[in-house]
Amino acid sequence: MKNNKIYIKTWGCQMNEYDSALITQILKQKHGYENTKDPKLANVLILNTCSIREKAQEKVFHQLGRWKKLKQKNPNLIIAVGGCVATQEGKNIYKRANYVDIIFGTQTLHYLPNMIQEVKKNKKSVTNIDFPLTEKFNFIEYPRKPKVTAFVSIMEGCNKFCSFCIVPYTRGHEISRPVDDILLEISTLSSRGVKEIHLLGQNVNSYKGKTFNGDICKFSNLLRLVASIDGIDRIRFTTSNPFEFTDDIIEIYAEIPKIVSFLHLPVQSGSNRILQLMKRMHTIDEYKTIINKILKLRPNIQISSDFIIGFPGETLIDFEQTLQLIKDLNIDMSYSFIYSPRPGTPASELQDNVTLCEKQKRLHILQTLIRNNTTMWNQKMLGSIQSVLVEGRSQKNPKELFGRTENNRIVNFKGNQNMIGEFINLKITKINPNSLRGSYEKRNN
């Protein structure tokens, strides 16, 4: 196995990124596989997929088509497809790509080593997209040299069943990891240099994990426990649901400074009528109340959200209400997309009566408003001193470094290699469309 190499391509959410890292750890540390950045050098190609939107799903088959050429040159090459498309489509993937060897689900990635061996032995395709009792988290192997920031999944799945969303069908019902398992993972990461933890879950604030004595731990209490771990200086979490963003979570913003002043809280629409069609479990007033309560505790917190544009039945008035919500709350970051019907969801049965041209027009208007809000926030930061966690070398200029502010802004600057992994003070000197520039400011003793 020492000469075996794997190449993993990941699409989709941060949970997929976490899963890909877990796949890498399992295959490398327990089974001797080495990562390669060149698919031409790999013995196993793994595609970790997303099915949230139609275009993302089609990208999978385009990518598989490119890998088919590598398979033709090397018949022993193993191609594996995992993630949400794999769970949703199952063996139907073979109909469009019969050269695929393995199909595994979001909850069966820990079986991948055995599936690879089975393909090698029997020369037949293998499929496992079940939701097994054995949790994949039991197979975590911690990286020896992690980055200074790390994702940690605390729960998976969703019980909300919004009418547009495929996630409950591809990730299953909500399952919370035991508290001790999470704390052990974070403590281990901290001991190896991680200073910022990003807690993950499809509905992260619905976390209800068990303690060692069988008690249920709420999300707010988990945050307290994570904050108590030595070496962890920043805590982020994604993705929250307004329905369960309760007062005990809101109060954490006053209690724990390690919780960053940045919140991603998807609302999807500014219209109560559309929210009902989406089967969302909150109203606009309830959403505003949550944000305003947090703003009283953290006046400088920045809000990010999700918006679906052109949901079936969305009128111009509904859309204008969405724009007004963005203005009222100064939302300055978003994941905003044109509605894409997912087969098998209740919304796919609704009449899609908004033209593509109109959807594109509305999306442009909304994203322009968001960009304007981003510029406004960035201008407020110009000249300020920001505490930045230095993550590594800048992608655009390897001679420079980059870090992230507490409110999730990327800052590029000139600095020394030994700054990586440290918190430093940067003066914001310039604003760019997607990042900031800064200059190093020595701390006063």
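Positions of Cβ are set from backbone N, Cα and C atoms, glycine also.
For the [4Fe-4S] cluster 1 site, Swiss-Prot lists C13, C84; matching the candidates C50, C158 against that entry yields C50. Separating the Cα atoms of C50 ([4Fe-4S] cluster 1 binding site) and C158 ([4Fe-4S] cluster 2 binding site) is a whole-number distance of 16 Å. Long-range Cβ contacts of C84 ([4Fe-4S] cluster 1 binding site) within its own chain (separation 6+, distance under 8 Å): G12, N16, T49, C50, S51, I52, T106, I166, V167, T170, R171. In this structure the C-alpha atoms belonging to C13 ([4Fe-4S] cluster 1 binding site) and C162 ([4Fe-4S] cluster 2 binding site) are separated by 18 Å. The predicted model assigns the domain 'MTTase N-terminal' (4-121) a mean pLDDT of 89. Secondary structure counts, DSSP: the domain 'MTTase N-terminal' (4-121) has 64 helix, 22 strand, 32 coil. For C158 ([4Fe-4S] cluster 2 binding site), the same-chain residues that are 6 or more apart in sequence and have a Cβ closer than 8 Å to its Cβ are C165, V167, P168, R171, H173, E174, Q202, N203.
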